[in-house]
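Peer 1: Structure provided below as structure tokens; questions to follow.
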Amino acid sequence: MEKAIRNFLSQESAGGILLLVAVALAMLLANSPLSGLYQGFLNTEMQVRFGALDINKPLLLWINDGLMALFFLLIGLEVKRELLEGALSSPSKASLPTFAAIGGMLVPAAIYLFFNFDDPVTKVGWAIPAATDIAFALGIMALLGNRVPVALKVFLLALAIIDDLGVIVIIALFYSTDLSMLSLVIAAIAVTGLVALNRKGVTSLAPYGVLGIILWIAVLKSGVHATLAGVVIAFCIPLRAKDGSSPSEHLEHSLHPWSNFLILPVFAFANAGVPLGNVGFDSILSPVPVGIALGLLLGKPIGVLLFSYAAVKLRLAELPKGIGWHQIAPVAVMCGIGFTMSMFIASLAFEHGGELYGDLARIGILLGSLFAAVIGYFWLSKVLPKAGERI
């Protein structure tokens, strides 16, 4: 198990560096003479027609609705594996990260609403600081190498996965509008087909892919956010075949490099470019960026620690063997790295609220995530044994 986690984390570390490069490049282009070219590229209309089917969207939405559906497919595969065989497969294993994740979503949302509750336009962004960027958080931890106990890595991984599951529920319940019943019926038929394939023990990924594409198109047209199709597909792909092989894990391992080195960097490049020319100091101190930044930087660690501590004291959970609160605390700070997941929710929350709110949200996300990453890294580095010492 340790070897698998180390391989996973080494890949996430490289992906995290690429994410930083993508963000820096996006910010550079958005605030340079090439800004018009950058925005024009993202707004380029792309059309797909097949008979009566017509999908016409700017490139930015193809990235957010299409590429991110593949990312959520990967998240769904990870959630399913951990629920059935991994760190969430029993109540004793799942209890601490579950309580931590719940606190890590509720407190940041409460902090954001404290600053934005009176504004009906901005309060819809309450879920933005509730997210954790699993790839980036694990990537920062991976920079510390073998000094990090495996149990601490598993705790962060399990917490982030439950957090992602919470984000999936939030998107389904709060960011789906103008529902089309015909599209929902087609989506239901596709889901029925996927479930039937699973029940019949079909392990070939091709039929899941065909029905998955139909499901994605139907969900895209239905008003429910299209990325949720990826999660449904993931839950329907069998974890184990009769011969002991795992179609689900095979697909998960195949998707990881695509997610780390293409999907997430492209998403970051498309969404992180904030033009700062019209953003003054007063704007940075406005309720949206302040609520998001404080939600990530303070709300996340407070929520994670408060709910974890309460669960342990009430004997509803226990700390992993060999792990103390002095190690949990900096990991809780790392959970404030919202980054791509927070930007994704921001793109949904302020889709119709105006470009300014979207820009302010991204500034808050970048500030909160950056400080959480730096503080979490140096704090964890300080409390862990030095290289060569026994953990």
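Placed from the backbone N, Cα and C atoms, the Cβ positions cover glycine too.
Pulled the feature table from Swiss-Prot, pasting it below:
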- 14-34: transmembrane segment (TRANSMEM)
- 59-79: transmembrane segment (TRANSMEM)
- 95-115: transmembrane segment (TRANSMEM)
- 124-144: transmembrane segment (TRANSMEM)
- 154-174: transmembrane segment (TRANSMEM)
- 177-197: transmembrane segment (TRANSMEM)
- 213-233: transmembrane segment (TRANSMEM)
- 261-281: transmembrane segment (TRANSMEM)
- 287-307: transmembrane segment (TRANSMEM)
- 328-348: transmembrane segment (TRANSMEM)
- 363-383: transmembrane segment (TRANSMEM)
Peer 1: Which listed stretch (14-34, 177-197, 213-233, 363-383) has the most C-beta pairs under 8 A with the transmembrane segment (59-79)?
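Peer 2: Looking at each of 14-34, 177-197, 213-233, 363-383 in turn, the most contacts to the transmembrane segment (59-79) are made by 213-233.
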Peer 1: Do the transmembrane segment (328-348) and the transmembrane segment (95-115) share at least 3 Cβ pairs under 8 Å, sequence separation 6 or more?
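Peer 2: Between the transmembrane segment (328-348) and the transmembrane segment (95-115), contact is present.
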Peer 1: With Cβ-Cβ distances below 8 Å as the criterion, list the same-chain residues six or more beyond the ends of the transmembrane segment (14-34) that contact it, or say none.
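Peer 2: Same-chain contacts beyond the flanks: 135-136, 138-140, 142, 259-261, 264-266, 268-277, 339-340, 366.
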Peer 1: Do the transmembrane segment (287-307) and the transmembrane segment (261-281) share at least 3 Cβ pairs closer than 8 Å, excluding pairs fewer than 6 residues apart in sequence?
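Peer 2: No; fewer than 3 Cβ pairs under 8 Å.
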Peer 1: Report, as numbers and ranges, every residue of the chain located at least six residues beyond the transmembrane segment (95-115) whose Cβ falls under 8 Å of a Cβ in that stretch; write 'none' if there are none.
Peer 2: 87-88, 123, 125-130, 132, 155, 158-163, 166, 287-288, 290-292, 294-296, 298-300, 302-308, 310-312, 316-320, 332, 335-336
Peer 1: With Cβ-Cβ distances below 8 Å as the criterion, list the same-chain residues six or more beyond the ends of the transmembrane segment (154-174) that contact it, or say none.
Peer 2: 5, 72, 75-76, 78-79, 82, 86-88, 93-94, 96-98, 100-102, 104-105, 124, 127, 130-132, 134, 137-138, 141, 224-225, 227-228, 231, 304, 320, 323, 328, 331, 334-335, 341, 345, 348
Peer 1: Quick check for me: are there 3+ Cβ pairs below 8 Å between the transmembrane segment (213-233) and the transmembrane segment (261-281), leaving out pairs under 6 residues apart?
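Peer 2: They do not touch: fewer than three Cβ pairs between the two stretches lie under 8 Å.
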Peer 1: Near the transmembrane segment (177-197), which residues from the same chain, at least 6 beyond its ends, have a CB less than 8 A from one of its CBs?
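Peer 2: The answer is 207-208, 211-212, 214-215, 218-219, 221-224, 229, 232-233, 236.
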Peer 1: Would you kindly list the residues that approach the transmembrane segment (124-144) from elsewhere in its chain, counting only those six or more residues past its ends and only Cβ-Cβ distances under 8 Å?
Peer 2: 8-10, 12-17, 19, 75, 104-106, 108-109, 111-113, 116, 152-153, 156-157, 159-161, 163-164, 166-167, 170, 174-175, 259-260, 264, 288, 291-292, 294-296, 299-300, 331, 334-342, 344-346, 349-350, 353, 357, 361, 364-365, 368-369, 373, 376-377, 380-381, 384
